[in-house]
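Participant: I'd like to ask you about the structure that follows.
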Amino acid sequence: MLKGYIPPYNATVVQKLLDQGAVLLGKTNLDEFAMGSGSTDGIFGPVRNPWSYSKQYREKRKQSHHRADEDSNWLITGGSSGGSAAAVSAFTCFAALGSDTGGSTRNPAALCGLVGLKPTYGLVSRYGLIPLVNSMDVPGILTRCVDDAAIVLGVLAGHDPKDSTTTQDPVGPFILPILRDVSKLCIGIPKEYNVPELSSEMQAFWSKAADLFASKGAKVVEVSLPHTSYSIVCYHVLCTAEVASNMARFDGLEYGHRCNVNVSTEAMYAATRREGFNDVVRGRILSGNFFLLRENYDDYFVKAQKVRRLIANDFVKVFNSGVDVLLTPTTLSDAVPYLEFIKEDNRTRSAQDDIFTQSVNMAGLPAVNVPMALSSQGLPVGLQLIGRAFSDQQLLTVAKWFEEQVQFPVIQLQELVDNCPTFSQHEKLGLVSLKR
Amino acid sequence: MKRGISEVSHNLWPVASDAPSGAPGRAGPRRDGCGSGGAGSTSRELPFAGSDSEKASGPSPERIEHLERLALVDFRNREGVARLQAAIEFAGQLRAVDTDGVAPMASVLEDRCLYLRADDVVEGSCAEALLQNSQQTVEEYFVPPPGNITLPKQSEQGPVPKS
């Protein structure tokens, strides 16, 4: 739909980075209009996870008697901001921007071994971010370590007169202190997140992380977010409804793809949109319009808005009970092969994969994926930390402590290892990208 | 699939076709929808009445056409209809939640003031840059095909075409 479109202006988040001297290396691939959890449904094709080519993964494949150099069995990055995750994960760039409406930054961060930050809704400007769900979208930040994410957040956060949903309160600075003593910290473990679909390996890592906090003196408690199981359905209705409205602007007239039909305006719009949108987008628009029909409006859309309040209130109650940060899985398992992923359709996958990340967007809270360790397949697994609204600095401080504790390994890309003999001496480079 | 209006609840034919767009964002192009202006939807005492009958048989072809006209995307093939049916069923799970006395939440920032900018022009005058993105322009105008011509009705065309 946006074929040939050259934006005549920069998004605020892009402009802020450019103003600070950032060098824009390029634009990355994603699921079309950020709808998807695999980065497989874009017009430029699916995105490959750099870890598919890593020494760590390939050695495990050899051990289990698979051909290590199988190219056809490459892994997905997760999505929808998979291209950004792949770029950062493969050391192509220092940081990348994504978007996060249901987990689209945190999901690929987890599968690509990155720090994926979803800031509090209202902290970072959405001006220039193509809207999907106006009340849940935020720009996401992908980096290799927590300090880098804090640097980028420091540049991006703050009121923007062009986005009236940004907070007017002063924000930052986002310099992270080194946390030495976690004994005053209370970590919440939401019991409803222990779903049957969670792989046993992920469950074990989650437990291990909780134990880690406890062993260092933090208080670790089980909490309840009772409406968690409804968040996907609620999101389904709200998202499709907002999409139906937001996608209405793409009509081929002022920008983007335009078809050849010239019989009437309506016919031109309809044909342009048929040609320009993929199945996923069209499906959501149609569903959204269904839920917004006058006789369905109260029963679906308003109902979903009420459920949203219940979900948001769950979090408020938990944070009011003394919990500082919630610790949850980010994804159900490590990265799966593309051929495996496409066996189910986009909506099914999104519904499955968004389970841990979605309700955070409902409530507008900050959340971050921190890579923890490599799975038995040699692939990254990450955990999610969720904080109170506008507590992004505290959240990142805890994340940084956790990162330091787990010492997630640097990706070893075969070509890099072969061509650069000094690489192994710089393995620590990945953890601190900016030396001051 | 069920056919015929008499078998379907009269709730399926609202008076006006405008779908309220609950979200901020530019309104889509105006259109007049069905054109047939069926019986008004008068009763709200049967929540989900429309979707119950639809649940049993799937959205009727009239319904699909109505949605397509509102959305101006077509998805009338079997796959599209099946997708919609699945989406409707999936959303039906919301019924199980007790929301008595709960106010709908439109934004997480609802308890804050959102400030508007002063109505002063501070940037713009970039007509040329904007026009360059369009495929058909004449001087400073975007050129659409003729308006006021509604999409032809497709329901006479019979069974759902193959995907």
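Glycine is no exception: its Cβ is also placed from the backbone N, Cα and C atoms.
Note: TrEMBL annotation is automatic and uncurated.
Annotations per TrEMBL:
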- A:1-54: domain 'Amidase' (DOMAIN)
- A:76-396: domain 'Amidase' (DOMAIN)
- A:Ser80: active site, charge relay system (ACT_SITE)
- A:Ser104: active site, acyl-ester intermediate (ACT_SITE)
Participant: Between the residue listed as 'active site, acyl-ester intermediate' and the residue listed as 'active site, charge relay system', how many Å separate their Cα atoms?
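Facilitator: Per the Cα atoms, the residue listed as 'active site, acyl-ester intermediate' and the residue listed as 'active site, charge relay system' stand 5 Å apart.
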Participant: Summarise the domain 'Amidase' (A:1-54) by DSSP state, stating how many residues are helix, strand and coil.
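Facilitator: Helix, strand, coil within the domain 'Amidase' (A:1-54): 15 helix, 2 strand, 37 coil.
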Participant: On the 0 to 100 pLDDT scale, where does the domain 'Amidase' (A:1-54) sit on average?
Facilitator: 94
Participant: What is the number of other Cβ atoms found within 10 Å of the Cβ of the residue listed as 'active site, charge relay system'?
Facilitator: 35
Participant: Count the other Cβ atoms sitting within 10 Å of the Cβ of A:Ser104 (active site, acyl-ester intermediate), across every protein chain shown.
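Facilitator: Its Cβ shell of radius 10 Å holds 35 other Cβ atoms.
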